[in-house]
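Q: Sharing the features that Swiss-Prot gives for it:
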type     : residues        : note
DNA_BIND : 1-13            : DNA-binding region
COMPBIAS : 1054-1069       : compositional bias 'Polar residues'
DISULFID : Cys1157-Cys1186 : disulfide bond
DISULFID : Cys1184-Cys1196 : disulfide bond
DISULFID : Cys1202-Cys1229 : disulfide bond
DISULFID : Cys1227-Cys1240 : disulfide bond
DISULFID : Cys1247-Cys1272 : disulfide bond
DISULFID : Cys1270-Cys1281 : disulfide bond
DOMAIN   : 1-14            : domain 'Fibronectin type-III 1'
DOMAIN   : 17-112          : domain 'Fibronectin type-III 2'
DOMAIN   : 205-295         : domain 'Fibronectin type-III 4'
DOMAIN   : 296-386         : domain 'Fibronectin type-III 5'
DOMAIN   : 387-480         : domain 'Fibronectin type-III 6'
DOMAIN   : 481-572         : domain 'Fibronectin type-III 7'
DOMAIN   : 661-754         : domain 'Fibronectin type-III 9'
DOMAIN   : 755-841         : domain 'Fibronectin type-III 10'
DOMAIN   : 842-933         : domain 'Fibronectin type-III 11'
DOMAIN   : 1054-1145       : domain 'Fibronectin type-III 12'
DOMAIN   : 1155-1199       : domain 'Fibronectin type-I 1'
DOMAIN   : 1200-1243       : domain 'Fibronectin type-I 2'
Amino acid sequence: HESEAPITRTVVTPISPPTDLHLEPSPDFATLTVSWSRSPSPGITGYRINTALLLGIRLHSGYTLEEEVTESQSRVCIFDNLSPGVEYNVSVVSVKDDQESEPIWKTITQEVPSLTDLNFVDVTDTSIDLRWTPLKGPTIIGYRVTVVAAGESVPIYEDKVGPTQGYYKVSGLEPGIDYDISVITLVTDGESAPTTLTTADCCPTATDLRFTNVGPDSMLVTWSAPPSMVLSSFLVRYVPSKNEEDAAELTISPSDNMVVLTNLLPGTEYIVSVFAVYEERESTPLTGVQRTGLDSPTGLDFSDTTSSSFTVYWMAPRATVTGYKIQYHPETGGAGQKEERCVPPSRNSLTLTNLTPGTEYVVSIFAVNGRQESVPLVGQQATVSDTPTNLEVTSSTPTSMSISWDAPPVGVRYYRITYTETGGETPVQEFTVPGDRSDAPIRGLKPGAEYIITVYAVTGRGDSPASSKPVTVTHKTVVDKPTQLQVTDVQDHSIQVRWMPSSTPVTGYRVTSVPKSGVGPTVSHVVPPDQTEMTIEGLEPTVEYVVSVYAQGKNGETEPLVETAVTNIDRPKGLAFTEVDVDSLKLVWESPKGQVTTYKVTYSNPEDGIHELVPAPNGDEDTAQLHGLRPGAEYTVSVVALHDDMESQPLIGTQVTAIPPPTNLLFSQITPTSVTVSWRPPNVQLTGYRVRVHPKEKAGPMKEINLSPDSTSAVVTGLMVATKYEVSVYALKDSLTSRPAQGIVTTQENVSPPRRRRITDVTETTVTITWRTKTETITGFHIDAIPAGGQNPIQRTISPDLRTYVITGLQPGTDYKIHIYTLNDNARSSPVTIDATTAVDSPSNLRFLTTTSNSLLFSWQPPRSKLTGYIIKYEKPGGPVREVVPRPHPGATESQQSQNLEPGTEYTIYIIAVRSNYKSGPLVGKKRTDELPRLVTLAQPGQQGRILDVPSLVENTPFISQTSFDNGNGIQLPGTSGQQNIGHQGQQVFLEEHGFRSPVLPTTATPVKPGYQAPEQHTLDKYTPGQHVPTIREDIELARFPPRQIDMDRPTSHDSGPQQVDRTGQEAQTTISWRPLLETTEYIITCHPVGNEETPQQFTVPGTSSSATLNGLTRGATYNIIVEALKGKNKHKSRELVTVTSAAHGSGVLHGLEDTCYDITTGSSYSIGQEWERMSESGFKLWCRCLGLGSGHFKCDSSKWCHDSGLNYRVGEKWDRSGENGQMMSCTCLGMEWKGEFKCEPHEATCYDDGKMYVGEQWQKEYLGAICSCTCYGGQQGWRCDNCRRPGAGVTPSADGVVGQTLSHFSQRYQQNANFNLKCPIECYLPL
């Protein structure tokens, strides 16, 4: 049979699930432990545990926790962080590879945890504080606090707090009520069981019970009241612990926390309780136990006292005792020898033996109960003494002494006495005296030796004597003392004494001094035995001292020899000067020791002598004020203390008064970087000034300038723009510095100067200028036009809109420096400068004075310009233009033309003023020459015949060869020949002339025919007309000689000569005559002025003359006139005479004014020859003399003074000045012989090097890499350097190659030869 194929099916049986699923939450419900039993299926590889949140009847997949474990691991799984109060489905399946069994599952709800450590931390009558530890968990949302009164069910208080809070204060409670307080943990869907506490008391209990001051029948009980509760009272109950029937209680005020319990039983234990009472309720008691102390025995008594024993009695205390303890010890020094005895409670007495005789004992009795002791009962008792007392030395000599003592209260057989020298150098001596004696002598001792004497009282039987405690005394035998103590000298701090020496040998003397009043230190000194005199120092003034002198031996000293003395008054100390002012001083001093009644203060200086201050300072003062002193003067001040008739030594000091500061501090010429400071100098002799300038409101460098004493201004440069500066000016005198004159100045803003300035037009009195500016704020322009001489500058401030300006009011033919500034409020720019020269103005007022047939004499008014000459041209109609040669000098105002002029011809005259390369427009005039003259014969006075004289030609007139001219102002002065350099450092000699003075014509000498008499007028005058060219004519007497006319335009005849007819009478007319000599070709007339500085005048007349009229000499001047006849080359003196000139006369001549001079500067009039002083406008001091000249003319010059830096110095006066390089120079005024010059030499005490000043000191400077030492010698010696050392080298460099010698290159002594310079500007004024 064939079988069918089997049908096969594979069936896998399901895996069995685990069994015995068990869920175990932790006590705090924080974790869940899941456990199970293994699946019975084989091959299980592991288990999967799933915990899912169950919401309603469904699982919430979003809240699932899953864990897997292998078969080899324990079948336990722990889940944490489960939310309390939530229901979870926990399932477990068996896993075999990829197969899973059916799950086994259970549901569980995690309990909400309750608080476990809730407690009270503070309980008061109305509040309770709660504290707990917050639980951790994401579902805990907080805590609810519930308060329920005890016995009630409805809460009276409920509140919620956050999940992290662990503290809560329950307030608003009523005192005396019990409360149940619960705290419940809240979660999202539930809450925990409540944790409840109940307040057990109606009110809090007192604390800190203490017992102090416990005695046998009392004790002090203290406690601490409960906080934050107002109680009604405290109740204190106390009762013996063994007898509760004797309980007692006390009610205490609630404000008290202590009570004293009294009337207690000694040695008894008490139970003490303290209750806090609120209304009628009591708190839990605060209880303690304390035993009272034992009471002490009483009635202490002593009896049966001997030298070595006594008996003690007492009475028993109330408390029960177990015995007594008795302690005793000597009162003095016996605490360490304390003895102790104990007796039973039945005893009440005790005999103490073996005590020390004559000793006070302290006895203490204690009641004892077990270990407890009472306060001791204390008493004192002394044993009987057997020792002598009060041992003393009753008398002593150098070799013996007597002693005595008091006997003891016991029987004494005899006394044993010993004595020996201190130090143990001699053996002990001993003797006895009977027991009924209480004194004894000791002999055979050494003088001045110290002995120890001891006395013993001997008691007892003779075979066993008992010696008492000894009594001892020390004594020194006396030494022979000195005699005749005398006080020989007394000072304020010392006393000198002398004495006669001791008759016995001594080792020295001790001298002491003690204030008799007892107040003050004792001074003691020891001197050798051969000295019998001493000065005691260090004493107080005006104190009475007791002076003692002791003679000293080897073993001691004698009784003192005593004398008293009073020390003198002490002098003041510590003189100091405060508040030093210009004319006053305040002085202070330290008051002397001792008594002072008053002080005498004197002060002196060489100029004023000695003065005493009145009223004198009192004795309690220590200051004084001196007034009326000289500024900058050194004073010697003396202060003397006075007391009764005593006077101290003087306290002396010196002090220099202050110098006054400069005043009237002014600031000018303020620019952005500089300022000019000026001041008024003080009225004292100074050595210099110091100017300090420092910024006021911001940081910057400080400037300091040292100036000479003649300075009154300083220019400070290098300042910061628009900066406020504080300026201080100090006056210096040697080492003294005055208080500063101070001021505040602000530099200006930086303003841009004008640009592109130029001159567009120039006339005689105007200059037109133009300029440009930057585009910035401008408030105006300032223009200064300063002439070359510096006089009368023109200043103008104009509108900011102008860029062209015409400067008017200028002087013709003058060089000007024109400065243009840009203005901005108070600030101005630096100047731009233009040099300009005004045009030369033309001469004016042409006048023809004299005409002849071949010459014209004319004059003109000179222009205001300073000229260098004139050009004079002339022409006739149809003829060429000719020029007068030589050209007239700048001071000329007239000219005579006689070359090739044609008679009866009209000439045109051109006068052109010349200044260097500049020419003025011409002054033009026309004049006709005279026709040829006719020969006229006139009758001569006193002569019968007719004589014909021919006038001499002008061409034959000799000229003075040397002429000198003025400074260009049209006035010619003698002796001012310009600047001369004679090698002196100096100044300008300043000359002035005042008063109208007509241009002077040449002096004319006129020969006079016989028979003509000319009167003389003599007028004193210093004026010298010698600068002009004199012309000489013979006086031809014509019958019809026309009178002189003032009309200058009217022509005069040839006979009148070249006379100027408008002079005012200052020229003189003098006629002289002489005896004619044969063969004389001409006569030379020389006029020598007597007593003044005029230049001698010389004239010539023809040899046929025997007399001449001299015109043009100074009126009133004295001349020595010499007439010499010239024969070929030989001269023969014809006549010599001295005469005083007189004024010219004749009709039509104007006579001079009154001969006085009026000076408008001084406002005074002066007679002819009178002299006076005045100041020039430029600061020179002048010496003036009235000349008159008929016009009030006077002449001034500065030759009697030296002028320097605005100050004037007389001849011989010296002063200091600062040189151009800053060095100090010493100057001396030389005076008239040097024409106002002064000589300056290096200052005798100062040296200058590299801009620094040194005064008698040394400094170092570098030369060729070496350091040289320089020394200032001053004056002509200067300074020199030597001792040059090169650092690190041993060779000293030298300019001449010689090692160690003074460097010749560096031995500068700046021996500047005295430089003398003479500048003589002349200023002349011509009043209209």
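Yeah, the Cβs are placed from backbone N, Cα and C, and that goes for glycine too.
Could you place the listed features in the three-dimensional structure?
A: For the DNA-binding region (1-13), the residues of the chain that approach it from at least six positions outside its boundaries are 99, judged by C-beta separation under 8 angstroms.
Just so you know, the Cβ of Cys1157 (disulfide bond) picks up 24 other Cβ atoms within 10 Å once every protein chain is counted.
In the shown protein chains, 23 other C-beta atoms lie within 10 A of the C-beta of Cys1196 (disulfide bond).
Taking the Cβ of Cys1202 (disulfide bond) as centre and 10 Å as the limit, one finds 27 other Cβ atoms among all the protein chains shown.
Around the Cβ of Cys1240 (disulfide bond), 21 further Cβ atoms fall within 10 Å across all displayed protein chains.
Shown for the domain 'Fibronectin type-III 1' (1-14): DSSP residue counts in helix, strand and coil, namely 0 helix, 0 strand, 14 coil.
Looking just at the domain 'Fibronectin type-III 2' (17-112), the mean pLDDT is 80.
Counted with DSSP, the domain 'Fibronectin type-III 4' (205-295) comes out as 3 helix, 47 strand, 41 coil.
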Q: Quick one: among the disulfide-bonded residues Cys1229, Cys1272, which has the most Cβ atoms sitting within 10 Å of its own Cβ?
A: Cys1229
Q: Could you give the Cα-Cα distance between Cys1270 (disulfide bond) and Cys1202 (disulfide bond), in whole Å?
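A: On Cα coordinates alone, these residues lie 35 Å apart.
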Q: Enter the number of other CB atoms within 10 angstroms of the CB of Cys1227 (disulfide bond).
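A: The answer is 23 other Cβ atoms.
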Q: Give me the Cα-Cα distance between Cys1186 (disulfide bond) and Cys1229 (disulfide bond), rounded to a whole Å.
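A: Answer for this pair: 26 Å between alpha carbons.
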Q: List nothing but the one residue from Cys1184, Cys1247 whose Cβ has the fewest other Cβ atoms within 10 Å; the candidates are the disulfide-bonded residues.
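A: Cys1184, out of the disulfide-bonded residues Cys1184, Cys1247, has the fewest neighbouring Cβ atoms within 10 Å.
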Q: Tell me which of the disulfide-bonded residues Cys1184, Cys1202, Cys1229, Cys1247, Cys1272 ends up closest to Cys1240 (disulfide bond) in space, Cα to Cα.
A: Cys1229
Q: Using DSSP, how many residues in the domain 'Fibronectin type-I 1' (1155-1199) fall into helix, strand and coil?
A: 0 helix, 26 strand, 19 coil
Q: For Cys1196 (disulfide bond), identify the closest of the disulfide-bonded residues Cys1157, Cys1202, Cys1227, Cys1281, judging by Cα separation.
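A: So, spelling it out, the nearest of the disulfide-bonded residues is Cys1157.
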Q: Can you count the other CB atoms that lie within 10 A of the CB of Cys1270 (disulfide bond)?
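A: Taking all protein chains shown, Cys1270 (disulfide bond) has 22 Cβ neighbours within 10 Å.
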Q: At the level of the C-alpha atoms, what whole-angstrom distance separates Cys1272 (disulfide bond) and Cys1229 (disulfide bond)?
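A: Here the two Cα atoms lie 26 Å apart.
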Q: Would you mind reading off the Cα separation of Cys1202 (disulfide bond) from Cys1227 (disulfide bond), to the nearest angstrom?
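A: About 10 Å separates the two Cα atoms.
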